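A.B. asks: Input: one structure, supplied below.
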Amino acid sequence: MEALHKKIREEGIVLSDQVLKVDAFLNHQIDPALMKAIGDEFARLFADAGVTKIVTIEASGIAPAVMAGLNMGVPVIFARKHQSLTLTENLLSATVYSFTKQVESTVAISPRHLNSTDNVLIIDDFLANGKASQALISIIKQAGATVAGLGIVIEKSFQGGRAELDAQGYRVESLARVESLAGGVVTFK
């Protein structure tokens, strides 16, 4: 997606060979026009998938997921990282390790919102080592639902998450595939 590539080149900051900071438009400050275009693209890519719901993890996946949900006319569910007083029933949950934050957390979804008739599109801001995607897949399977595919805004192809998802037979559509961050330069695949 050229508009996303351009935004990454102009406003992304390479912090190391492993970390790309995109807080100017995706995961702190949000560019609504870009999010709309991202949602439109995910809707186009998965138009044939029979998606009934979209699942993401709070917080950075919410903006692109909502835009895709709006375009596709389906609800968006976000897995919560922190349990609240209103989230009390037997939860669908999984543990996920955040590469960026270097912490492990439990993410959860209420079983009221996800069931065996759902065909679920996972949308997330990044795909690195695939741990967040695997956690969401686990939650979807706990509900007896099916995974329609994964829509990733930015994939760090050099970190192996996609290879694992491909090996498991999941459809992965990434809007920007970063091959390398070496030398402080973003190289797209």
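All positions are counted from 1 along the displayed chain.
Cβ atoms here come from the backbone N, Cα and C positions, even for glycine.
According to Swiss-Prot, the protein has these features:
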type	residues	note
BINDING	L20, N27, K156	xanthine binding site
BINDING	A128, N129, G130, K131, A132	5-phospho-alpha-D-ribose 1-diphosphate binding site
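Could you give the neighbours, burial and distances for every feature on this list?
C.D. replies: Take the CB of N27 (xanthine binding site) and look out to 10 A: across all protein chains shown you find 19 other CB atoms.
Secondary structure at G130 (5-phospho-alpha-D-ribose 1-diphosphate binding site), taken from DSSP and collapsed to helix, strand or coil, is coil. The Cβ of G130 (5-phospho-alpha-D-ribose 1-diphosphate binding site) has 22 other Cβ atoms within 10 Å, all protein chains considered.
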A.B. asks: Want to know which binding-site residues, from L20, N27, K156, are within 10 Å of A128 (5-phospho-alpha-D-ribose 1-diphosphate binding site) at Cα; which are they?
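C.D. replies: Checking each Cα against A128 (5-phospho-alpha-D-ribose 1-diphosphate binding site), the hits are K156.
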A.B. asks: Ranking the binding-site residues K131, K156 by other Cβ atoms within 10 Å, which is at the bottom?
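C.D. replies: Each of the binding-site residues K131, K156 was scored; lowest Cβ tally within 10 Å is K131.
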A.B. asks: Validating a neighbour-count step here. Other CB atoms within 10 A of the CB of L20 (xanthine binding site): how many?
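C.D. replies: L20 (xanthine binding site): 19 neighbouring Cβ atoms within 10 Å.
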